[in-house]
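*Asks:* Sending over a structure as structure tokens; questions will come in a sec.
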Amino acid sequence: MAPPRANSGDGNDGAVGGQSKLSPSGLLIREIPGGYGVPFLSPLRDRLDYYYFQGADEFFRSRVARHGGATVLRVNMPPGPFLAGDPRVVALLDARSFRVLLDDSMVDKADTLDGTFMPSLALFGGHRPLAFLDAADPRHAKIKRVVMSLAAARMHHVAPAFRAAFAAMFDEVDAGLVAGGPVEFNKLNMRYMLDFTCAALFGGAPPSKAMGDAAVTKAVKWLIFQLHPLASKVVKPWPLEDLLLHTFRLPPFLVRREYGEITAYFAAAAAAILDDAEKNHPGIPRDELLHNLVFVAVFNAYGGFKIFLPHIVKWLARAGPELHAKLASEVRAAAPAGGGEITISAVEKEMPLVKSVVWEALRMNPPVEFQYGRARRDMVVESHDAAYEVRKGELLFGYQPLATRDEKVFDRAGEFVPDRFVSGAGSAARPLLEHVVWSNGPETGTPSEGNKQCPGKDMVVAVGRLMVAGLFRRYDTFAADVEELPLEPVVTFTSLTRAADGDGAARRGV
């Protein structure tokens, strides 16, 4: 594809014969501002800005400001040279333009999960996982049908599996604080959520039992080999990190043994699902489905929880005791101590503030910050105040933290507002929920075989709610230090105040 003509954004409106062109909704059609600069050198500089000199938020905000507030821009996206053959994208940085990426009739999502580069298929047993298939690919519907059936069939296992993981995790947090603390949440979350994910989806022996204590290390290593071009601030100094992570692919053979052990575990754990699929869902080779289940469980589910839950705890820690007291009151009214376990149904029906907190965390910090898709045809993309022509084949990119913090959609858009989605009848919250799009679709939408919305959407939301409800059934309040990093915040508990026991005593770890 030839490079599109760059535009400064300073009044170069689309026109034919001196007449201004208007979009179907009456917006003036402009040329897309921005540009791609000098091949190789400009993408390299943009990569350094994105990862090290500015950070993602400032990278985009500075370019929006440079082009007069335009929120549809031509930019280079990392990793650039030498990992990505073509770093050029059209960035969609507001809630309205971003929605193009959620319309499967307008964008092709084949091989766009990770943006401008595609991991080696050797990391997936030679198969292309569901997440890399376009919705129009016949294999997409077949594989997603199995995954959706699995998620629905196992939903009633989520709450008991999470309770077990939560109890073990926070018993360890309590013990660490009593021993002198502080205690890092991320390390425990990383360990216990892998067992939870596999117990919830498949049952049987968890990875820590079947594979030993190194199960998490093996899973995370496999994730790193896929995502290292998108990681930053994990190796010091940064020039060394940039050379190691962003310049060349880590060779898949270095993780072949670990992936083989992971696959062997899932071949046993998911045997019943694989057997059922062979009978009831013909057309999917058993080996291909096995590697897809590995990807769904480890990349989609576990990888998502690894990022998402620290963000929830981060926002709760920053909100402080006043919000904690409200949440504790709501949770204990719906699920009093000694009155049975917290269920997904109880949270759904009786804990509106808990639900709102989780949706707000997903709005502020979606587990996957970006979406990509390739234009299926020439089209017009509309922002709030302008329209832009996009050519067939151009790669569209959406930076979700800007789209879901759009001040033209949300009041106090850059703030964490715990009760934003609380509404007695639900009517006021629903229009806002349409702009919570972490799942590759609106929160009001439903995953289907023919769309790209996350098949585990309801499970992810349920786990977030169970985390918040579990915290405030067990504790009155807590304090934690938060270190912001590009992928996930590091949350370290400094104190937890246990809810009063039956004798009225309270325990505190410091």
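Cβ coordinates come from backbone N, Cα and C, glycine included.
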*Asks:* Per Swiss-Prot, what member of K109, K187 joins H140, K144, K452, C454 in binding heme b at one site?
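*Replies:* The one candidate that Swiss-Prot places in that heme b site: K109.
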*Asks:* Would you mind listing, in sequence order, the residues at least six apart from N300 ((13S)-hydroperoxy-(9Z,11E,15Z)-octadecatrienoate binding site) in the same chain with a Cβ closer than 8 Å to its Cβ?
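*Replies:* Correct list: A131, C454, G456.
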*Asks:* Excluding K109, H140, K144, K452, C454 themselves, which residues in that chain have a Cβ inside 8 Å of the centre of the Cβ atoms defining the heme b site?
*Replies:* L130, A131, L133, D134, A135, N440, N451, Q453, P455
*Asks:* Relative to the Cβ position of K452 (heme b binding site), how many further Cβ atoms are located within 10 Å?
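*Replies:* Neighbour count, Cβ to Cβ under the 10 Å cut-off: 27.
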*Asks:* Provide the number of Cβ atoms within 10 Å of the Cβ of K144 (heme b binding site), excluding the reference atom itself.
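*Replies:* Counting Cβ neighbours of K144 (heme b binding site) within 10 Å gives 23.
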